[in-house]
Amino acid sequence: MASKLTTTSQHILENLGGPDNITSMTHCATRLRFQVKDQSIVDQQEIDSDPSVLGVVPQGSTGMQVVMGGSVANYYQEILKLDGMKHFADGEATESSSKKEYGGVRGKYSGIDYAFEFLSDTFRPILWALLGASLIITLLVLADTFGLQDFRAPMDEQPDTYVFLHSMWRSVFYFLPIMVGATAARKLGANEWIGAAIPAALLTPEFLALGSAGDTVTVFGLPMVLNDYSGQVFPPLIAAIGLYWVEKALKKIIPEAVQMVFVPFFSLLIMIPATAFLLGPFGIGVGNGISSLLEAVNNFSPFILSIVIPLLYPFLVPLGLHWPLNAIMIQNLNTLGYDFIQGPMGAWNFACFGLVTGVFLIALKEKNRAMRQVSLGGMLAGLLGGISEPSLYGVLLRFKKTYFRLLPGCLVGGIVMGIFDIKAYAFVFTSLLTIPAMDPWLGYTVGIAAAFFTSMLLVLFFDYRSDAERDEAKAQMAAAEQTNNTPAAPAAPVAPAAGAAAAGGAAGATAVATKPRLAAGQLVEITSPLEGHAVPLSEVPDPIFAAGKLGPGIAIEPTGNTVVAPADATVILVQKSGHAVALRLESGVELLIHIGLDTVQLGGEGFKVHVERKQQVKAGDPLITFDPEFIRSKNLPLITPVVVSNANKFGEIVGIEAAQADATTTVIKVNGAE
């Protein structure tokens with residue numbers, strides 16, 4: 001039997017249109033990222049129907065992101081094992097000539113889109129190394145906090161053990177230009193190893209022996225200004241762009257038979273001097289200019305910047321536009337010795353983590369297993385790792401109301417950050433573990449706590465869903481609940497449903513757990529709760545109902561406008577929005593009637609509810625009336641699933657098709673358990 005990992009991976013690939021529709025595949029901390037040839041054949045709804053998928057986000061006209069959470073790397077590796085996908089191991093499709101094919105983002109602002117995509121895809125592959133290094137920094141800062149060793153002391157004043165520990169994180173940042181050069185070249189379609197070799201040449205002992213940063217030396221008879229390229233990001237980015245054009249020109253000039261030898265030879269021969277003389281200093285100037293501009297804004301009003309940054313992040317992250325800011329943070333550390341973006345960014349992160357913590361507490365109270373899992377994963381990934389994507393895609397982007405709970409937390413946290421003028425002296429991901437990296441760390445702690453608890457309390461007091469979404473969730477939980485305990489039994493005996501087996505009921509019982517009353521061989525026939533055409537559930541254009549995940553049954557294409565009780569029953573749940581009602585019949589059968597699809601978004605308009613929860617109803621009593629024409633005018637399907645939500649208590653359950661069904665037509669037969 002295939003594992004869940006394999007099944008989900010196959011499900012994603014199949015609904016993306018298969019390997020033939022994919023031109024590129026990569027992943028970041030939480031998302032699988034695809035470029036596809038034809039976005040129209042991607043079945044986003046079907047991909048999202050898998051419980052392991054947190055969300056599906058289109059990008060431009062050819063990009064697709066599938067949000068998987070912290071286990072994304074496992075799914076990425078599993079998809080690579082599938083037929084037709086092995087050649088995507090380097091991210092993009094490769095022909096026999098090794099020339100990479102890239103579809104890219106295409107749209108009205110394709111140039112701007114691609115610029116941001118280029119920066120984002122350059123830094124994403126380096127994320128793991130940056131995360132690891134940031135936690136090593138945190139350990140050293142903690143040692144400083146507890147008075148064990150000064151983090152900022154010169155290396156010649158530190159014990160050998162701490163010098164070695166510093167080398168563990170400095171390896172990532174010192175050689176960052178090499179990593180950036182490789183990933184930037186790969187993104188552009190140039191040779192990634194040549195892209196890495198160009199900045200590497202400027203970090204060699206031989207180059208460093210030429211002199212100190214700021215010195216001018218003569219090379220090839222020309223003056224060369226020396227710079228410290230360790231930790232720089234803009235020089236390798238610009239060098240990679242130059243390499244792309246040089247390689248492209250060389251491949252037009254050099255015969256294919258000898259390109260493998262002479263293209264890399266001339267690329268290195270041209271690009272290393274070009275970078276050392278021109279592109280490198282220019283890149284440092286660009287980085288310093290951006291850093292100085294932001295520093296001027298920060299010096300003018302740290303308070304304003306501290307508020308603007310956390311309020312912007314919730315809108316940048318879904319678009320992937322936050323990644324380029326990492327380059328600016330690193331540049332600030334290289335230029336100024338500190339960074340003023342990471343502190344305020346922590347306000348956004350902890351407002352986000354506070355929000356999902358509130359969602360988790362509500363899910364615990366409601367016994368909502370699905371939301372409990374999603375919110376717990378987002379909470380742990382955030383508080384311990386500083387990763388916000390699981391929270392963003394698992395909760396925030398699925399429930400529109402959440403932004404009204406999130407932004408006040410961002411604002412309050414940003415105000416506190418501005419008051420304390422928070423600075424970071426190392427590049428870290430803002431989590432509980434990296435608090436000591438901020439200065440003053442106590443002020444930063446107050447800021448993230450303010451952001452966290454503001455958003456969490458807003459969720460607890462006002463919920464994270466609209467009234468209709470909350471009712472929808474409760475209806476689905478009631479429908480999916482398949483336990484022996486059920487809501488209170490009626491206060492007085494009620495006659496059994498027509499066609500049901502006789503049932504005994506204790507008069508005067510008020511809070512008795514009702515058990516199914518169908519023995520083996522007994523049968524209950526359920527009539528249609530509304531007039532219309534009875535069709536198989538498989539015809540419902542919703543993967544959850546069509547697959548029977550909420551229970552077996554039948555679907556009705558309404559010709560009338562009233563839902564009635566098919567038998568004597570107790571209303572166990574009814575939506576305020578009127579689009580769904582759940583009943584427990586005297587036989588113990590629990591029935592969910594869901595009027596139309598996506599009708600929750602109407603917020604009750606077009607529906608009139610005639611009953612309330614725990615009310616006793618007789619066969620034929622009206623439950624809900626609705627306006628079919630109004631619903632159709634909103635382009636919403638009216639097909640109404642009628643499903644048995646506690647099917648595991650019974651034997652075979654059969655839906656019966658009918659060209660015209662009404663209150664006298666049997667549409668579902670439920671057999672007693674063997």
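Glycine residues also receive a Cβ, built from the backbone N, Cα and C atoms like all the rest.
According to Swiss-Prot, the features are:
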DOMAIN    1-89  domain 'PTS EIIB type-1'
ACT_SITE  C28  active site, phosphocysteine intermediate
DOMAIN    117-476  domain 'PTS EIIC type-1'
TRANSMEM  126-146  transmembrane segment
TRANSMEM  162-182  transmembrane segment
TRANSMEM  193-213  transmembrane segment
TRANSMEM  225-245  transmembrane segment
TRANSMEM  260-280  transmembrane segment
TRANSMEM  303-323  transmembrane segment
TRANSMEM  344-364  transmembrane segment
TRANSMEM  376-396  transmembrane segment
TRANSMEM  409-429  transmembrane segment
TRANSMEM  442-462  transmembrane segment
DOMAIN    542-646  domain 'PTS EIIA type-1'
ACT_SITE  H594  active site, tele-phosphohistidine intermediate
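Same-chain residues lying 6 or more positions outside the transmembrane segment (409-429) and placing a CB less than 8 Å from one of its CB atoms are 130-131, 133-135, 137-138, 141, 151-152, 173, 302-311, 313-314, 326, 329-330, 333, 337-344, 346-348, 350-351, 354-355, 385-387, 437-440, 443-444, 446-448, 450-452, 454-456, 458.
Residues 28-31, 54-55, 57, 67, 69-70, 131, 134, 314, 317-318, 348-350, 352-353, 355-357, 359-360, 402-403, 406, 428-434, 464 of the same chain lie 6+ residues outside the transmembrane segment (376-396) yet bring a C-beta within less than 8 angstroms of a C-beta in it.
If you look at the transmembrane segment (193-213), the same-chain residues 6 or more away from its ends with a CB under 8 A from one of its CBs are 174-175, 177-186, 224, 226-230, 232, 235-236, 239-240, 243, 247, 264, 267-268, 271-272, 275-276, 280.
Residues belonging to the domain 'PTS EIIB type-1' (1-89) score a mean pLDDT of 81 in the model. For the domain 'PTS EIIA type-1' (542-646), the DSSP counts in helix, strand and coil order read 14 helix, 41 strand, 50 coil.
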